[in-house]
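Asker: This is the structure, below, for whatever I ask next.
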Amino acid sequence: MSRQPAVATKMSREMDKPLISLHLVDSDTSLAKVPDEAPKVGILGSGDFARSLATRLVSSGFKVVVGSRNPKRTAGLFPSAAQVTFQEEAVSSPEVIFVAVFREHYSSLCSLSDQLAGKILVDVSNPTEQEHLQHRESNAEYLASLFPTCTVVKAFNVISAWTLQAGPRDGNRQVPICSDQPEAKRAVSEMAITMGFMPVDMGSLASAREIEAMPLRLLPAWKVPTLLALGLFICFYAYNFVRDVLQPYVQESKNKFFKLPVSVVNTTLPCVAYVLLSLVYLPGVLAATLQLRRGTKYHRFPDWLDHWLQHRKQIGLLSFFCAALHALYSFCLPLRRSHRYDLVNLAVKQVLANKSHLWVEEEVWRMEIYLSLGVLALGTLSLLAVTSLPSIANSLNWREFSFVQSSLGFLALVLSTLHTLTYGWTRAFEESRYKFYLPPTFTLTLLVPCVVILAKALFLLPCISRRLTRIRRGWERDGAIKFTLPTDNALAEKTSHV
């Protein structure tokens with residue numbers, strides 16, 4: 001019992017340590033010494049974000065003054081170049097002051113209202129999801145109501161403390177900024193540029209609520225694709241369960257439930273990956289069909305198709321994820337104890353039947369071609385996934401990116417189709433494969449991909465390809481674009497068929 005206070009004291013000291021090492025801060029001369037003529041910036045707060053912000057500001061050439069309620073306790077947590085003092089002294093000279101405290105502590109700063117008059121307050125706080133729903137006004141608007149003589153700017157709330165420490169190269173460079181005063185926005189934007197970030201003007205302070213909602217979003221572009229992939233997985237898993245586990249148990253009294261963790265999952269994953277890959281290129285087919293039917297590209301697509309087109313990248317990455325899992329599960333199949341028992345039983349049956357050779361030439365060739373096509377399809381999908389990374393995509397010009405994502409992507413779909421057809425071989429025509437009168441799973445997965453491949457092949461026909469190209473270059477069926485040209489005293493109208 002006597003050791004508990006010592007342990008608690010040790011844990012408290014560990015919690016008080018800054019996110020960045022003081023040794024690293026002091027060893028860098030750019031952080032340890034700042035010229036006297038450097039612009040001065042104030043920070044109210046001594047938490048993790050305030051420490052990281054002070055470190056980034058000092059390394060960017062600013063003179064930092066930190067206001068704390070207990071400067072003696074927190075001084076050692078900041079870079080040596082930063083001055084840590086009481087809040088009253090910290091806000092006296094700087095014109096730009098970062099408010100790095102939580103919303104519930106804003107009222108504690110009201111005693112500084114006279115010293116803060118006319119200064120720029122940069123609100124970097126973020127509400128929790130519950131607080132965001134509870135309060136109608138944003139944190140920045142609430143801060144502005146408490147300090148009407150100040151100019152409040154919302155900025156840097158989407159940047160994490162780790163990004164401030166490691167540098168903007170390791171995180172998102174964009175910093176949304178909003179304020180009712182353009183001059184204040186310009187001043188904070190210049191500071192953001194100096195710190196290595198890219199300011200984005202979001203308008204007036206009324207946009208602060210939208211900016212504060214950004215960190216609360218959890219992968220918004222992935223929600224629909226993830227639900228789609230999960231729904232497909234559940235449907236195919238249930239279908240394979242009925243065929244491979246329930247049917248033998250009901251009709252043959254065989255217990256096949258051991259297949260649920262590995263075999264049924266491995267049968268489901270390629271189905272999901274294959275269908276998802278076809279769903280990446282199906283909206284393009286539908287969009288081209290609509291353009292051919294309308295005879296113009298200037299009509300908006302339906303909202304559902306527009307959203308579908310925007311989610312193609314996420315759907316493709318989920319397809320690659322399922323395909324990679326399928327490859328890993330396939331490697332694990334021979335490691336199962338049930339597989340070893342099957343091999344022993346097959347060997348025993350071979351001995352009892354006096355058969356010394358069970359080589360089936362057709363099955364050997366089928367399996368060789370099946371595996372080869374699967375490896376090629378996975379390799380092509382890997383290339384598509386790599387080029388989807390921003391760092392790789394930014395190094396490609398538009399023609400290169402379009403070739404990889406469109407041409408090689410369609411090649412991956414063709415290889416996956418051949419992989420599936422080779423797996424099926426003649427099994428689709430065998431009556432024993434229709435368990436509970438249900439067709440084999442691979443026959444269901446072929447429906448959408450074959451439609452996409454057939455439609456793509458039709459679009460390659462010269463009569464259709466030329467028409468679609470003309471439409472996408474601005475031509476309209478039974479339409480005219482009217483250009484109005486000014487003259488001396490009148491307007492002459494000229495009609496041009498494009």
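Each position is counted from 1, following the chain as shown.
Cβ from N, Cα, C; glycine included.
On a predicted model such as this, the values are computed, not experimentally measured, just so you know.
Below are the features listed in TrEMBL for this protein:
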type: DOMAIN; residues: 40-127; note: domain 'Pyrroline-5-carboxylate reductase catalytic N-terminal'
type: DOMAIN; residues: 271-414; note: domain 'Ferric oxidoreductase'
type: TRANSMEM; residues: 224-242; note: transmembrane segment
type: TRANSMEM; residues: 262-290; note: transmembrane segment
type: TRANSMEM; residues: 315-336; note: transmembrane segment
type: TRANSMEM; residues: 369-389; note: transmembrane segment
type: TRANSMEM; residues: 401-422; note: transmembrane segment
type: TRANSMEM; residues: 442-464; note: transmembrane segment
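Show me how these features fit into the shown structure, please.
Answerer: Packing against the transmembrane segment (262-290) from elsewhere in the chain are residues 228-229, 232-233, 236-237, 240-241, 244-245, 299, 301, 305, 308-309, 312, 315-316, 318-323, 325-326, 329-330, 332-333, 336, 381, 409-410, 412-413, 416, 420, 441-442, 444-445, 448-449, 451-452, 455-456, 459, 468: each is 6 or more residues past its ends and has a CB under 8 Å from a CB in it.
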Asker: Across the domain 'Pyrroline-5-carboxylate reductase catalytic N-terminal' (40-127), what does the pLDDT come to on average, as a whole number?
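Answerer: Computed over the domain 'Pyrroline-5-carboxylate reductase catalytic N-terminal' (40-127), the mean pLDDT is 94 on the 0 to 100 scale.
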Asker: So which of 315-336, 369-389, 401-422, 442-464 has the most C-beta pairs under 8 Å when paired with the transmembrane segment (224-242)?
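Answerer: Looking at each of 315-336, 369-389, 401-422, 442-464 in turn, the most contacts to the transmembrane segment (224-242) are made by 315-336.
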Asker: With pairs closer than 6 in sequence left out, are the transmembrane segment (442-464) and the transmembrane segment (369-389) joined by 3 or more CB pairs under 8 Å?
Answerer: no
Asker: Please indicate, using numbers and ranges, the residues of the same chain that are 6 or more beyond the transmembrane segment (442-464) and have a C-beta under 8 Å from a C-beta there.
Answerer: 239, 270-271, 274-275, 277-279, 281-282, 285, 288-289, 292, 410, 413-414, 416-417, 420-421, 423-424, 428
